[in-house]
Structure formats: C-alpha cells, structure tokens
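Lifted from TrEMBL, the feature list:
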type	residues	note
BINDING	158, 159, 160, 161, 162, 163, 164, 165, 166, 167, 168	ATP binding site
COMPBIAS	21-31	compositional bias 'Basic and acidic residues'
DOMAIN	136-211	domain 'GHMP kinase N-terminal'
DOMAIN	272-348	domain 'GHMP kinase C-terminal'
REGION	1-56	region 'Disordered'
Ligand SMILES: Nc1ncnc2c1ncn2[C@@H]1O[C@H](COP(=O)(O)OP(=O)(O)O)[C@@H](O)[C@H]1O
Ligand SMILES: N[C@@H](CCOP(=O)(O)O)C(=O)O
C-alpha cells in the first residue's frame with residue numbers, strides 16, 4: 001500500500017482529471033480504454049472476450065445504481081481479497097479470492113466507522129479511517145465533496161498477510177466515493193484511481209474485476225486483462241505474524257541488471273503461457289524461478305522453503321509468496337484444492353490453511 005499522505009500526482013496510473021471534466025469522464029463510460037480492441041468489442045457484442053482484455057461494457061453490465069445515493073439509502077459493497085504476483089508476475093499478476101470485506105454505508109451527520117470484525121477493532125472510527133480517507137480523496141480527485149457517512153465494516157481478509165487487505169479497503173473507498181458522489185466511474189476508471197493509491201494494479205485489479213488478472217502501468221495508463229481461461233484451486237497458508245507490504249518492499253533492489261531483467265520477464269511470460277495451456281509442472285517451475293522479488297523476500301519469510309517442499313509433497317503444482325508475504329500461495333489443479341489443503345494441515349503446525357476458490361465477479365455493490 002502506498003502511503004495515503006503521498007500526493008496522488010506522484011503515483012503512476014491513469015489520471016482521471018487529466019482527461020477532462022467529470023461530465024466527459026461519465027460520457028466515456030463503456031468505451032474501451034487505450035490498448036483494447038474496439039473492433040473485437042464490436043464483434044463480440046460486448047461479451048467478455050475469450051482471450052484478451054475484458055470489455056468494459058461487459059464489466060459494467062448489471063450495474064443498477066444510476067446517480068448519487070440519497071440520505072436513508074444504504075449501500076452495500078463486497079470486495080474480494082487477492083493474492084498478487086503468483087511468483088514471477090511482480091506487481092502485475094493477481095487472483096481474486098473468496099474471502100471478503102463487506103462495507104455498509106449511509107449518509108450521516110458525521111463520519112462514523114463501526115468495526116464488525118475483531119481484526120478491525122484498532123482502526124480509527126472517524127474520517128481518519130483508511131477507507132474513509134480513500135473515499136474523501138477520490139471525491140476530491142473529481143472535485144466533488146464527499147458526504148459524511150456511517151460505515152460498518154466486516155472482513156474475513158487477514159490483515160498485512162499478503163492477501164490484499166489494503167487494496168480491498170481502497171477499492172471499497174473508491175466505490176463509496178463513486179456511489180455517494182454519483183461519479184459513474186467505469187471499472188477501468190476505478191482501477192486507475194485505486195492503482196494510484198495502492199501503487200500497483202495487481203491486487204486492486206483482481207479485487208475490482210475478479211478472476212486471474214494481468215495489470216500493467218505504462219506512464220499514465222493502467223491496462224488490465226482478465227484471463228477467464230486460467231483456472232486453479234488456490235490454497236493459502238497464513239501465518240500468525242503480520243508483514244507490512246511496505247516493509248517487504250524495502251528489501252527489494254532499486255535497480256536490476258539488464259540480463260537478469262530479461263530472464264525475469266521471460267519466466268513471468270512462461271508462467272502465464274503454462275497456466276493457459278494447463279501445463280501444471282511448467283507453471284510450478286516458473287513460480288519457483290521468480291527473480292523479481294522472492295529471492296530478496298525469502299529472508300523475511302524463513303518458513304518459505306520448508307512450506308514449498310511440503311506443499312509440493314501434498315500435491316500442489318506450484319508455490320509462491322502471496323503478494324509481499326508472509327502468507328504462501330499454493331496452487332492445485334482444479335478440483336484438487338481441498339485434498340491438498342487437508343494434507344498440508346496434517347503436515348504444518350502454527351499456520352491456518354485456507355482452501356479457497358477464485359472469486360470470478362470482483363467488487364459488487366447494491367442498495368439494500
Ligand atoms: N478494513 C480496513 N480498514 C482500515 N485499514 C485497513 C483495512 N484493511 C487494511 N487496512 C490497512 O492496510 C494495512 C495492511 O496493508 P498491507 O501492509 O499492504 O498488507 P495487505 O494488503 O497484504 O494486507 C493495515 O495494517 C491497515 O493499515
Ligand atoms: N506486488 C505487490 C503486492 C503486494 O500485495 P499485498 O497483498 O502484500 O499487499 C508486492 O509484491 O509488493
């Protein structure tokens with residue numbers, strides 16, 4: 001997570017204001033962004049494409065909220081957790097998981113946050129709360145005033161464990177601003193804003209769109225592809241101790257040798273290709289061959305190699321740090337996740353093992 005006090009302009013991502021007024025942003029709704037094929041979109045009639053970028057039209061289908069939410073109406077926002085990187089896809093690959101953060105919010109005379117999960121008990125209960133700050137700053141970005149809200153939050157997502165809790169909170173905050181200020185942002189616009197706060201599009205992309213995603217930032221642009229054809233069963237080994245993403249990014253090098261970068265990129269490409277053609281052994285090999293971050297972060301996660309061995313013995317085809325760690329993501333062939341998780345539970349002590357599914361829908365909101 002990027003510090004929220006940092007100016008947004010300093011971060012990467014597509015600048016929503018640079019593109020024009022709020023009105024223009026709203027009329028752009030449903031338009032493919034740079035890098036996506038308009039002709040493919042037309043040919044598919046707005047359906048999600050089998051391979052390649054998901055059409056914004058399809059992504060937005062089902063949205064029922066028209067304008068800003070009124071006093072007395074309660075907005076419900078449900079955001080999935082995510083696991084980033086999948087090994088070599090550093091700051092780019094992500095997968096949405098069926099663990100959720102749920103926010104209910106309505107207009108109130110003052111900001112008030114009610115934590116409904118024990119893990120959230122220590123956070124500010126007023127507008128200083130991270131989710132509220134994101135909502136306020138998103139509204140400011142679009143030159144709108146965010147109304148004060150009564151917000152209740154519950155979450156199954158372990159905090160600071162590499163499961164994208166900060167990205168889920170950011171996505172929820174952006175959604176609050178979108179709905180209570182009537183911003184009418186497309187999912188791609190929400191991604192650009194969320195990426196500015198988070199600093200990388202992998203977790204936010206997965207939380208917003210669901211599925212397995214490939215995100216990239218090129219200058220001001222944030223592009224995202226949802227890979228519907230990539231399927232696997234994710235198993236997460238979650239230790240008791242926290243590791244802040246910021247701490248885990250501090251151990252990474254600031255520059256990387258050219259040859260090593262070429263190799264690191266090839267490994268990431270090969271992982272995606274292997275996942276797409278279901279070559280599980282090759283996918284597992286590439287997850288372990290990451291050069292971007294795991295070699296530097298292993299020292300922060302001393303149980304990583306032992307767990308890697310036990311997960312493979314238990315039937316997983318691949319193992320990687322989940323996001324910045326310390327949780328470990330183990331991948332099993334579709335349908336084999338529960339069996340692998342059960343074997344891992346017998347072999348490991350002191351860690352919680354979650355047998356999960358890929359969340360295919362991403363963030364959803366409705367008036368309840
Ligand atoms: N629901 C939430 N409410 C307030 N702050 C949150 C919430 N979820 C996450 N955060 C903030 O994000 C931090 C964890 O972010 P980070 O270090 O990026 O780890 P991760 O995203 O892997 O869980 C928490 O310590 C907290 O400051
Ligand atoms: N690409 C980022 C992902 C951080 O994910 P998180 O779940 O640990 O916040 C990184 O590897 O730093």
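Every residue gets a Cβ built from N, Cα and C, even glycine.
Keep in mind that TrEMBL annotations are predicted by a computer and have not been checked by a curator.
Bear in mind that the values here come from a model prediction, so they are computed numbers and not experimental data.
Other residues of the same chain near the ATP site, with their Cβ within 8 Å of the Cβ centroid of 158, 159, 160, 161, 162, 163, 164, 165, 166, 167, 168, are 81, 157, 323. Listed in sequence order, 242, 243, 244, 245 are the same-chain residues at least 6 apart in sequence whose CB falls under 8 Å from the CB of residue 160 (ATP binding site). Taking the binding-site residues 158, 162, 164 in turn, the residue surrounded by the fewest other Cβ atoms inside 10 Å of its Cβ turns out to be 158. Here the domain 'GHMP kinase N-terminal' (136-211) is broken down by DSSP into helix, strand and coil counts: 43 helix, 7 strand, 26 coil. The helix, strand and coil residue counts that DSSP assigns across the domain 'GHMP kinase C-terminal' (272-348) are 42 helix, 9 strand, 26 coil.
Within 10 Å of the C-beta of residue 168 (ATP binding site) we count 32 further C-beta atoms, all protein chains included. When Cβ atoms from all protein chains are considered, those within 10 Å of residue 166 (ATP binding site) total 25, not counting its own. By the rule that a residue counts when its Cβ sits under 6 Å from some atom of ligand 2, the binding-site residues 158, 160, 162, 164, 168 yield 162, 164.
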